[in-house]
Amino acid sequence: MGLISYENEAINEVKKADNHHVSKFVTSYYGPSSSSWQSGIWILFVLFVAAVILIILFTFVANRRRRRMGRAPIRGTAWLTPPSYRQSQQQYTGTVQQRTDDYVPEYTETANEHDLGYYDQRGEFHPNDKAAYVAPPPLVQECSSESVNSLERPPAAVVHQANSLDTDYGLTRPSNGRVPAVSDTVEQLERLPGGTTTQEINPPERAKVNARS
């Protein structure tokens, strides 16, 4: 109170000394209609609006996240959540008062017209006589008539030789019961039935001379 009274006394003294010529300037500077006071009010208003917008955005994001998790929105903020399909459709068409038909078929004790049947309490399936029979698709034949009447020759069949068990990759098996061993000598190999002969192996130098000749 002392500071305010001191300012008022100073203003009155200035008015008396200056013959009330500066009264308008002093009143505009110290009065409630000054430019600094108005700018402060606008700054507070802008900060308040920004805080409200941030709170609304945060609530919208939180409700959207809770809806994805299957939880209810925050109490009192359900109007911030996006509308459901049926709700948005009613708002678009303007048929809020008119009751729309449910997309889910009505549950009855017996099978509906388009149901194939139903299961009883014991788990046995009972077909519905009212359901229309749908024929299965026709079977696809492996060999059509076009391939039979075509002029293309089929691939040759693979025929195995009668003695395929005795020959394998050009290797012959001896007809006798005894198989030559590595430790057998030349004389023992010659005594074996079948006339087993030995093959002469030429050294590398002699093989080169034979190849040139």
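A Cβ is built for glycine as well, from the same backbone N, Cα and C atoms used for every other residue.
Swiss-Prot assigns the feature motif 'PY motif' to residues 104-107, out of the candidate ranges 8-11, 28-31, 104-107, 180-183. When pLDDT is averaged over the topological domain 'Lumenal' (1-39), the result is 60.
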